[in-house]
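Peer 1: Below are the features listed in Swiss-Prot for this protein:
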type	residues	note
ZN_FING	26-82	zinc finger
ZN_FING	119-161	zinc finger
BINDING	C124, H127, C147, H153	Zn(2+) binding site
DOMAIN	269-327	domain 'COS'
REGION	324-352	region 'Disordered'
COMPBIAS	328-352	compositional bias 'Acidic residues'
REGION	359-378	region 'Disordered'
COMPBIAS	417-428	compositional bias 'Polar residues'
REGION	417-532	region 'Disordered'
COMPBIAS	474-485	compositional bias 'Low complexity'
COMPBIAS	486-506	compositional bias 'Polar residues'
Amino acid sequence: MSTSLNYKSFSKEQQTMDNLEKQLICPICLEMFTKPVVILPCQHNLCRKCASDIFQASNPYLPTRGGTTVASGGRFRCPSCRHEVVLDRHGVYGLQRNLLVENIIDIYKQESTRPEKKLDQPMCEEHEEERINIYCLNCEVPTCSLCKVFGAHKDCQVAPLTHVFQRQKSELSDGIAVLVGSNDRVQGVISQLEDTCKTIEECCRKQKQDLCEKFDHLYGILEERKTEMTQAITRTQEEKLEHVRTLIRKYSDHLENVSKLVESGIQFMDEPEMAVFLQNAKTLLQKIVEASKAFQMEKLEQGYEIMSNFTVNLNREEKIIREIDFSREEEEEEDAGEIDEEGEGEDAVEVEEAENVQIASSGEEESLEKAAEPSQLPAELQVAPEPLPASSPEPFSSMPPAADVLVTQGEVVPIGSQQTTQSETSGPSAAETADPLFYPSWYKGQSRKTSSNPPCTHGSEGLGQIGPLGIEDSSVQSAEVAEAATNEQAAVSGKESSSTAATSQIGFEAPSPQGQSAALGSGGGADPEPARHVFSFSWLNSLNE
């Protein structure tokens, strides 16, 4: 207890001496005042030597002798408060000495040179003659042996001071080391945070610069577009103004001519001589009639001057601009992942479809080889192909919708031969009631005969599907065509010319004139044999080859 008090008193005395030393420092030489010490009128103190140096520096042109100013009088400023000090004829020697400060300096020097008192071993407060030599572990205070034997610590555990001293000293040293290490780590974290601040500032500066550049680019685009649209309005304005001004000039010239004509007519009305009047009246009347009939006023369209076609609606663009925001990398990565997954799924579906097509095509090739022979038409129904007329401009799309066909490797089969529905079995088909120009006879006959067959499972899949059904029916078609050709109505012959022109562009070939005349000759009488329309698709077969 007494040791701590002594230590506190010693530290307090040392602090007092340090504060006193600060008050005894000269503001010029920054050292302790040297006697004699003079006091200025502003109550600040200076060494006389320092005051003389300031005076000489302020008055450099005054004569000196032995380093001192000879002339009397002068002035200088206080170095502490800049107050002007006026000297009398004695100069700096006329300033009063501060004896109090000189005495304090002497006392301070004596105390500072006195040897330090050695602190003796502290004594026990209860037993003044006993030294503190043990440490109470329970109370955690140093004490003496008598306190352990008879005093307040007789029931406590004690230990020698040296053991406790070494232990606490090591603990204190370890604690200091931990604090030092912690301070180093904190300092490292502070350095990292400072670097992070610099990085943040640099990155933000770059992002701001990039953002400004992008917005400047947008500004440039808007300005460019604004200039282009303004120029378009200006061009239209000039064109319309030129047109209107042309009309103004035209009407002005006409008005001027009519005014002159009216003026001359009024003057001619005052002619007193009837003979002269009648001689010139016809010519004047003719001019008036021509002027009234020849001139036609051109009226401008309604809203010609409004320029409503240049109205701009920027609501959508304004909404888009207001929704401009920073892009998020996480959302972009998720979108990219979803797109990749969708692409992989589509690739897998395409691979499966390609495999199925390969398998189907392999089976179809075998069936095509077997059914290639019976697909030929009878020789009596085949007609030599004639070249298409070069002057027919009708496109391929002029083909009648009922003439859709199914293309296979060996031949071309009409779709109607593969598609059978419930309506065909219950009543007359649409091909029977339709115009024969759009539906050939063999197509109607085949639809009637094949209505009892089971419906095709793959015939409704659309044009271009290849299957064995088209090949199996090809042999039946040859006989059906021959039978259906004899059942054509007489109305077909009346529309033969238009049907031939409509179908000549897409591969339908009509019989030649020689064949028609032969058919008429063989039929004889008033009931000639109806013309036969044969479909030739040899040019499609050549494409497959």
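Each residue, glycine too, has its Cβ placed from N, Cα and C.
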Peer 1: Far apart in sequence but close in space: which same-chain residues, 6 or more away, have a Cβ under 8 Å from H153 (Zn(2+) binding site)?
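Peer 2: H153 (Zn(2+) binding site) has long-range Cβ partners C136, N138, C139, T143, C147.
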Peer 1: Translate the DSSP assignment of C147 (Zn(2+) binding site) into the three-state scheme.
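Peer 2: Reduced to three states, the DSSP call for C147 (Zn(2+) binding site) is helix.
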Peer 1: Out of these binding-site residues, C124, C147, which one has the fewest other C-beta atoms within 10 Å of its own C-beta?
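Peer 2: Each of the binding-site residues C124, C147 was scored; lowest Cβ tally within 10 Å is C124.
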Peer 1: Which whole number is the mean pLDDT over the domain 'COS' (269-327)?
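Peer 2: A mean pLDDT of 84 is what the model gives the domain 'COS' (269-327).
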Peer 1: Enumerate the residues of the same chain, C124, H127, C147, H153 excluded, that satisfy the criterion Cβ within 8 A of the mean position of the Cβ atoms of the recorded Zn(2+) site; list them in sequence order.
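Peer 2: Going along the sequence, the neighbours appear as E126, E130, I132, T143, C144, S145, L146, K148, G151, A152.
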Peer 1: Just how many other Cβ atoms lie inside 10 Å of the Cβ on H127 (Zn(2+) binding site)?
Peer 2: 16
